[in-house]
Structures are given as structure tokens and as C-alpha cells.
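Participant: Look at Swiss-Prot and you will find 1-67, 364-388 tagged as region 'Disordered'. The topological domain 'Cytoplasmic' annotation in Swiss-Prot covers 1-90, 141-235, 299-388. What Swiss-Prot lists as compositional bias 'Low complexity' is 10-27. Annotation source Swiss-Prot lists transmembrane segment at 91-111, 120-140, 236-256, 278-298. Under the heading topological domain 'Lumenal', Swiss-Prot lists 112-119, 257-277, citing a curator's inference as support. Annotation source Swiss-Prot lists active site, S-palmitoyl cysteine intermediate at C222, citing sequence analysis.
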Amino acid sequence: MKDCEYQQISPGAAPLPASPGARRPGPAASPTPGPGPAPPAAPAPPRWSSSGSGSGSGSGSLGRRPRRKWEVFPGRNRFYCGGRLMLAGHGGVFALTLLLILTTTGLFFVFDCPYLARKLTLAIPIIAAILFFFVMSCLLQTSFTDPGILPRATVCEAAALEKQIDNTGSSTYRPPPRTREVLINGQMVKLKYCFTCKMFRPPRTSHCSVCDNCVERFDHHCPWVGNCVGRRNYRFFYAFILSLSFLTAFIFACVVTHLTLRAQGSNFLSTLKETPASVLELVICFFSIWSILGLSGFHTYLVASNLTTNEDIKGSWSSKRGGEASVNPYSHKSIITNCCAVLCGPLPPSLIDRRGFVQSDTVLPSPIRSDEPACRAKPDASMVGGHP
């Protein structure tokens, strides 16, 4: 059946089409009252009202702007550009990261690059510019990308899960169990219940206490990038710290070379007094390069082992907590395969519809009995929110 479009026409909106020979009444002509009863008056056009949530019932002003889902997002995140970009609630440390990178590289391009390009080679500022733009690109992608947040269970899904657990059907409240077990590559993995998101967390998922979200393949919350590091932005985070270590080491070596060349034939202390900007770069790079190199090496080990920081700290697949060491079910037993799986796999789509509109409350067509549930819930697989 083809789709048809319907249009509501008011009974008094337009006259019926007249025959070709009929005479049209003039604009000032008025109907003459006949002997019969008067025709009924045309009904008034319907009045539409909207409530704050966008529904068709209730009081509200006409044409109120519907809210998008990022405006009512339950986590502690901040959104920009109409929900296209997101950041953690506390961005002070992230601003400090931007300040340190921009200040150090800015001073290097202004006070060191001209001298080194003139005395040595023009390749020095070119290499520094390439590293700088790559570092900034990876940092912004890490900070403003959804790390893999799982949407919280709706009221219907949470109620259906509690009813599924309580098989007796009694009205007494019984809290859901804290764990479930699933088999992954021959290894039993526990799924913990999140009382905030009202669902069993998928494997490798953890609830971030800072952002108040469940994040897939949760690695850690990094205040330096202002975001959680998870399944969807870990590759950008790893590329950021790795490229930042190269940029820091490159600037440190170039500044030392600059000061050494300037100090030839003169006092080294007087050279330091003449170039205070280079001294500031040297201090910043010296105190930051060790932590950046150490962090890059640690995450290289995690990538090669297909582990997360959260799993390594908790000792999930080792004997750090005094228990028996178990095999990592997510490892492919090959360093190259693990690196490709973590860094080169397809980027999964975001599961939170930030740009979508908040759906209005639907009116049920028939009354609901007290012994029936108020809504239908999705199957348990969808409530888990991810694949093993």
C-alpha cells in the first residue's frame, strides 16, 4: 500500500468548488435567511499546547524549543558546540596541560628556532612544527571524544531486571546480586552490577567516580587530558603521550644545543642571562620528560599485553593481590596482534545519542491494571549494554 498524505480541513475554511455556470457571490453579499434552520457554525481551530518535555499535553507555551539529550545527560560532563564535543566536569588540569605545551613550544619557535635554523639546518623548525601539530591533534581528540560511555538503564529496563531476578513475583524488595559470571575464551569473568547505572557492567567496563559514567574498556581517568580514557579514545591517548615524549626530548636537545653554541667563546652564565626563555624551556622539559617517558613505556607494555591500567592495578590477571595468577582472556598471545587489536581496530560508534531530542511522554492507549507492568523492557542482553 502506498503512503498517503492527509491534511485536516476545517469545515468552514474553504467553499466547495462551484459548477462552471454558477455565479459567484460578490465580496459584500450576505446570505439571505431562509425558512429552514440556520447552518451550524464552523468549529474553532484546535489549540495546541506543549509542556516542558515536548509532549502534547499539559500547559506550556507554543513552540517551546525541544531539549536535546546532552542537556539532560546524567553524568558529570560538560558539552560544547551543541553536544558535539564533551569534556569532564573539572577541566582545570586540562587547561594547565594546554598552557604548558603552548608556552614551551611557543618560546621554542620564537627564541630558539631562528638561531638553530640559521646556524644548523632549516629542518629543525619543520620537525618541531610537525610534532607540535600531531601532539595537539591527539590531545584534542582524546579530550573531546566520547571514551565509550554506556547509557544508563531506563526505568523500564531497571524494573524488568529486578523483576527477572525476583522470580517469586513477590512485592518485597530484594536487591539484585552484585555479580554474574560469563565465559570468555575459556576464562570465567565476573560482571558487576552498577547501582548507579542500574545494569550489569559488560566485561572490562568500570564506573568512573569522577565523570559518574560506566565506560567500556575503562583504562583510567586522566585529569591531564580532562577526560576518561576508554575504548573509543585510548588510541588517541597513547599516540598523544608517545608523540609528546618525542616532542619534549626534541625541544630539550635543541635548547641544550642552542645554549652550547651561544656559549662558545663566552661565559656560560652570561649566556643563560641573555636567554631566559631558553632556560625556562629547559627547566620545563627537564622536569616533565621523565614522567612522560615513564608513562609512555608503561602504556607500551599495556598495549603489548592487551591490558588496561585498571586491570594492571587491580591485578585482575596476575598474582598482585595474593591470589592465583590467571590467564588474560583478552590477550592474543602475540605482541603484534595485541598492538593491532588495541590501536588499529575499527573505532566503535558512540552509544550515547548526544544530539538526539528528548522523547515526549507517550500516553498509553488503554488503562493498565495493577498486576501488569507499566512498560515493556528490552531483553537482558540489551541491558548489559555491550558484547563480551
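In case you wondered, yes, glycine gets a Cβ from its N, Cα and C as well.
Quantities reported herein were computed from a predicted structural model and do not represent experimental measurements.
A description of the local structural setting of each listed feature is requested, covering burial, neighbours and distances.
Facilitator: Residues 78, 125, 128-129, 132, 135-136, 139, 143, 223-227, 244, 247, 251, 254-255, 275, 277-278, 280-281, 284-285, 288 of the same chain lie 6+ residues outside the transmembrane segment (91-111) yet bring a C-beta within less than 8 angstroms of a C-beta in it.
Same-chain residues lying 6+ beyond the ends of the topological domain 'Lumenal' (112-119) with a Cβ under 8 Å from its Cβ atoms: 125, 128, 254-255, 257-258, 261-262, 277-278, 281.
For the recorded site, C222 (active site, S-palmitoyl cysteine intermediate), the DSSP three-state label reads strand.
For the topological domain 'Lumenal' (257-277), the list of distant contacts is 107, 110-112, 115-116, 119-120: same-chain residues at least six beyond its ends, Cβ to Cβ under 8 Å.
Same-chain residues lying 6+ beyond the ends of the transmembrane segment (278-298) with a Cβ under 8 Å from its Cβ atoms: 100, 103-104, 107-108, 111-112, 241-242, 244-245, 248-249, 251-252, 255-256, 258-259, 272.
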Participant: What count of other C-beta atoms do you get within 10 angstroms of the C-beta of C222 (active site, S-palmitoyl cysteine intermediate), across all chains shown?
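Facilitator: I count 24 other Cβ atoms within 10 Å of it.
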